[in-house]
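Trainee: Here you go, one structure.
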Amino acid sequence: MEQTFQLEQLSCPSCRVKIEKGLRKIEGVDSADVLFNASKVKVNFDEGKTSKDTLKNAIEKLGFEVK
Amino acid sequence: MAIWINKNKHIMMRISGGLILTAFIVASLNLTAVVDSLLVTATLIASVPIVYHAYQSARMRTFSIELLVTIAVVGALIIGEYVESSVVTFLFLFGSYLEAKTLKKTRASIEQLIDMVPKTATVKKGERTEEVSIDSLEKHDEILVYSGGSIPVDGYIKKGEASVNEASITGESMPVEKQEGDYVYSGTMIDVGYIHLVAEKTGEDSTFQKIIQLVEEAQDQQSKTEKFLNRFSQVYTPLIALLSLIVYLITRDLHLSITFLVIACPGALVIGAPVSNVAGIGNGAKHGVLLKGGDVVDRLSQVDTFVFDKTGTLTRGEPEVTEVVSLTEDDWKEWFKDVASIEQASEHHLGRSIVEYAHQHDLKLTSEVQSVQVTKGKGIAASVYEIEYTIGNRKLLEDIQIHLDARTDQLAQEQEALGKTVIFISQSSQIVGLIMIEDPVREGVKPILEKLKQNGVKQFVMLTGDHERTAQKIANELAIDQVYAELLPEDKLTYIEQLKEDNKGVLMAGDGINDAPALAASDIGLAMGITGTDVAIETADVVLMADRYDHLLHAYRLAKQIVKNRWQNIAIALVTVAFLLVGVLYGVIHLASGMFVHEASVIIVIMNAMRLRQFKKK
């Protein structure tokens, strides 16, 4: 399933790597792509293995607020 | 923790700044101990977010600029350079604060667009109406929109009429009159009037949302230059870090080596190019021009050959029968009604004009049409009540070996030279008449083509299946440089390939419906108008939301301007890097001044890109 999270304004291009790497490490995540300029993350994940809330928490743990 | 730091980053920045200021005032009183403790406190406070980010990135095994700054600050504290350490940390935070603020502005075009869609809609349920969130809307829901309201979904008008401002989609702010049966788009606004509409596409399926998604993705798509710069900066940063280590090992000068760390961040280099794209693509979106990414911008700016499909792109695409000539004893209506009956089944736009003409003359059409055979690019054959008809162009005549007598040939040639398309009608291998059809040139095309030339286009090419003479007439009228006529649909691809070999860049403009393969084959496929919606929007590189030539000009000028802006930014960034390196080596630039120059260069490139938002249509 695909889920898009709207984050607070992203300003450092290195955040992209941080968020993508951090999410891809989670089991059940097939792909995670940051749309830097739109400050969004698109995540494809297996609903059986992880959930929207887990992902949201992971992003917030990385230091980015999810709107 | 992370969120707390993010939220309070600015407060820490302000406290730190305040402390530094106090320290400078106190410094005049010669109280070294107080000054130092103020500066150290300022450093520590401003370091919190920096160190935290450095730690986070290190955990992800990515090399971050925060890590370098952290090392530099620790070094500065060790050698007692408290002024430097505090100013560096403060400037770093202040710089990223300004960066975020200005970046937000470059992105504002899209946000303004997104705000065009209302949050709630008035839904009609039986006799009652109900205000619901737009997320809960579904296909077939009946929705009411009043004067001044925004339309929440794509759909057909069931009742009412209104003048609708479609600027959010087409970039054109002149209201369009809409009435029963017309299609309206979400995100557009009712100027005056009232409509009752039936939802067709809601939420993410609506045209407007698709456009937004496309633009957001386009803004993130990097051009080749950007990809190169990114790779460069990935090497540059660790390289400078290594250099600073080497400098330390050789000179044992901690101050000099930590200065290197601070200038190792290629900030303006990394942000300069993308920020031009974001601002430029945002400008396009506001003017009804969708540019699909930095790469597309690059290619569009280099295009020197514009190729147009004649029908519907250069002409109005609404052909009309202007004259019918009968070559038999019978009245023209005798065979014309049969021809129109055959054309009823055909999808061809010329066929439609024939049917239309028959209706205008109250001819009675029949559905007794048999053994229909369509030859693409040539015409159609069928029989009506046992009479065999062939209807088509000269090529079709040749195929069935009919020769025109001199007088008929002369007549046809005269008409073609006037820009008319001549259709030959034969009955059982005997020619019975000619139908002249005219598709007038669109207004306002010629001046735009002239302006395109002034902006760098070398030549215009027209491709058409129409007769050479007809095509030439239209080409002369519009000052088109090259004409390839009498083409079969598949020939168009061959010509595009040929033109691509001979020229720097080839743009193909079409309506995106019939010419999709040609659009895909050219360097830049440009779809004019959203009538072919989904297919056109997806396959084309550039989409003009409104079928308008002034938007074509804007797209071309904008692409050139974005590329120019991008190079300016790259130049600014490179000059800064060179200046800093030389400055550090000559001992003119220290920690704080290095950070200042660096942050200033980042802000300058963002401000420069912001100018693209104001770039006007001409």
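Heads up, the Cβ atoms here are built off N, Cα and C, so glycines get one too.
Feature list, courtesy of TrEMBL:
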- B:116-216: domain 'P-type ATPase A' (DOMAIN)
- B:12-31: transmembrane segment (TRANSMEM)
- B:37-55: transmembrane segment (TRANSMEM)
- B:62-80: transmembrane segment (TRANSMEM)
- B:86-103: transmembrane segment (TRANSMEM)
- B:232-250: transmembrane segment (TRANSMEM)
- B:256-276: transmembrane segment (TRANSMEM)
- B:570-589: transmembrane segment (TRANSMEM)
- B:595-612: transmembrane segment (TRANSMEM)
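Could you place these features in context, so I can see how deep they sit and what lies close by?
Mentor: Residues 63, 65, 68, 256-261, 263-266, 269-270 of the same chain, all 6+ positions outside the transmembrane segment (B:232-250), place their C-beta atoms under 8 angstroms from a C-beta of that stretch.
Here the transmembrane segment (B:256-276) has long-range neighbours at 65, 68-69, 71-72, 75-76, 88, 99, 103, 106, 222-223, 225-226, 229-230, 232-233, 236-237, 240-241, 243-245, 247-248, 294, 562, 565-566, 569-570, 572-574, 576-577, 580-581, 584, 587, 589-591, 594-595, 597-599, 601-602, 604-606, 608-609, 612, meaning same-chain residues at least 6 beyond its ends whose C-beta is under 8 angstroms from one of its own.
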Trainee: Return the stretch with the most CB pairs under 8 A relative to the transmembrane segment (B:62-80), choosing among B:12-31, B:37-55, B:86-103, B:570-589, B:595-612.
Mentor: B:37-55
Trainee: What same-chain residues lie close to the transmembrane segment (B:12-31): Cβ under 8 Å, and 6 or more beyond its ends?
Mentor: 38-39, 41-43, 45-46, 48-49, 86-87, 89-90, 93-94, 97
Trainee: Taking the transmembrane segment (B:570-589) as the reference, which of B:37-55, B:86-103, B:595-612 gives the largest number of Cβ pairs under 8 angstroms?
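Mentor: Answer is B:595-612, with the largest number of Cβ pairs below 8 Å.
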Trainee: What average pLDDT does the predicted model assign to the domain 'P-type ATPase A' (B:116-216)?
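Mentor: On average, pLDDT over the domain 'P-type ATPase A' (B:116-216) sits at 86.
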